Amino acid sequence: MKMKILLIGGGGREHAIAEGIKKSKHNPILYALMAKKNPGIAALCEDFLLEKETEVEKVVEYAKARKIEMAFVGPEAPLAAGVADALWDAGIPVVGPKKACAIIEFDKAWARNFMKKYGIEGCPAYEVFTEEAPAHAFIEKLGDVAVKPSGLTGGKGVKVMGDQLPDIKAAREYTSELLEKGPVVIEERFIGEEFTLQAFVDGKNLAFFPAVQDHKRAYEGDIGPNTGGMGSYTDAGEILPFMVPEDIEKAKKIMQHTVTALREETGTGYQGILYGQFILTSRGPKVVEFNARFGDPEAMNVIPLIETDFVEIMSAVTKGTLGDLPVKFSRKATVCKYAVPAGYPDNPKKDSEVIVGDIGEASVYYASVYEKEGKIYTTTSRAVAVVGCAETIEAAEKVAQNALENIQGELFFRRDIGTASLIQKRIDHMKELRG
């Protein structure tokens, strides 16, 4: 009997997960539940339901009706809503942590307090505030700060001094604005190069993916407003060109400690994807944040590199047997680039047709688009991602860039992601910081 698997979520990340599942030698039958029809996911599915991914009862109802045997939750919102808990309660194993553990992403204040309680390395000096006067005083005291809303913001709520906040006055004003909606985390600003480390987790064991570097700024040269991520790259191997092996080993230890501490704190094993966003400083890797799911775009870099059967990995995650399964990756470099609507992220042009031409050797992943009468149109978010995979970053970048040149529509993208000049800038920056 072929296994019936349900995928929850409808973005570019979920398109990559769907592809990973469908490549399995076990020929699983894939079902999807997504808020909007993703044409890439729909094409890989036996059947799908268009429904809000946070409607817990509807998710369980659909899973039972389709006799689902295992589920994968892609985005953070359904995890925060307790979708994984409800599916487990219905006897359906899930890749995606229960709410008690997913809190590490959806409550930034909880996450920092948890790190402090368990002595998890890489935690900045920070405080959590609900009132203006002490928050403003703490900003004055620290001087160089990052200001974060405590809840989920789709990766766009954090503002940092020297970047989006030109001075202390701006930091105070932004803090006051956020405090109207809820608690605010104010922490020391780290200076360095960011990287993402993701892992499959079975409650105890972690299987790490190669490190990825994402590019949050909208425009070339790392300028402009923050976005959900304009593109990312991996090198052939597990570290990035500006890293040394010791950096990734330290980051792995932090994530392992986090998983062990989560079990102790919550009484529940963390089963799913743990995403560590790190910043590599002169004092080693520090934790920017943890997420309870794959990154988007980072998922599209790493999923195509998995050589071990994806469904077997999912099964091991749900059974706690990841330690018995060697998870292998091909030693190739990848470059992912997003084509986004003109005006994104502040004033995106929606309902504009997207025509995907000859993309050559690249992979294409549909994100926030919709299909109407056989044509594909933009919404207000990132539209289509392309991924080049090759022996070197430079070669992978060319594959991705050539594919983008053959996608038509009122779109733009960053040509500089994965290029030698931008990577050299990162290497030089780290050399300077390390002295």
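Each Cβ is built from the backbone N, Cα and C atoms, and glycine gets one as well.
Classification of V147 (ATP binding site) by DSSP places it within a strand. If you look up Swiss-Prot, you'll see 139-196 marked as ATP binding site.
Cβ-based neighbour count (10 Å, all protein chains) for E289 (Mn(2+) 1 binding site) stands at 17. Marked as Mn(2+) 1 binding site by Swiss-Prot on the basis of sequence analysis: Q277, E289.
Secondary structure from DSSP puts E289 (Mn(2+) 1 binding site) in a beta strand. The Mg(2+) 1 binding site feature in Swiss-Prot is assigned to Q277, E289; the stated evidence is sequence analysis.
Per Swiss-Prot, the feature Mg(2+) 2 binding site maps to E289, N291.
Marked as Mn(2+) 2 binding site by Swiss-Prot: E289, N291. Long-range neighbours of N291 (Mg(2+) 2 binding site) (same chain, six or more residues apart, CB within less than 8 Å of its CB): E76, I104, E105, L274, Y275, Q277.
Per Swiss-Prot, the feature domain 'ATP-grasp' maps to 112-319; the stated evidence is sequence analysis.
Separating the Cα atoms of F195 (ATP binding site) and E289 (Mn(2+) 1 binding site) is a whole-number distance of 11 Å. Applying an 8 A CB threshold to same-chain residues 6+ apart, the list for A171 (ATP binding site) reads I139, V145, V147, K159, M161, L165. The CA atom of D163 (ATP binding site) is located 18 Å away from the CA atom of E289 (Mn(2+) 1 binding site).
Taking the Cα atom of each, E187 (ATP binding site) and E289 (Mn(2+) 1 binding site) are about 12 angstrom apart.
For the pair E289 (Mn(2+) 1 binding site) and L179 (ATP binding site), the Cα-Cα distance reads 20 Å. Cβ neighbours of L179 (ATP binding site) (same chain, under 8 Å, six or more residues apart in sequence): F129, T130, E131, E132, A135. Its own atom aside, the Cβ of E187 (ATP binding site) has 22 Cβ atoms within 10 angstroms in the protein chains shown.
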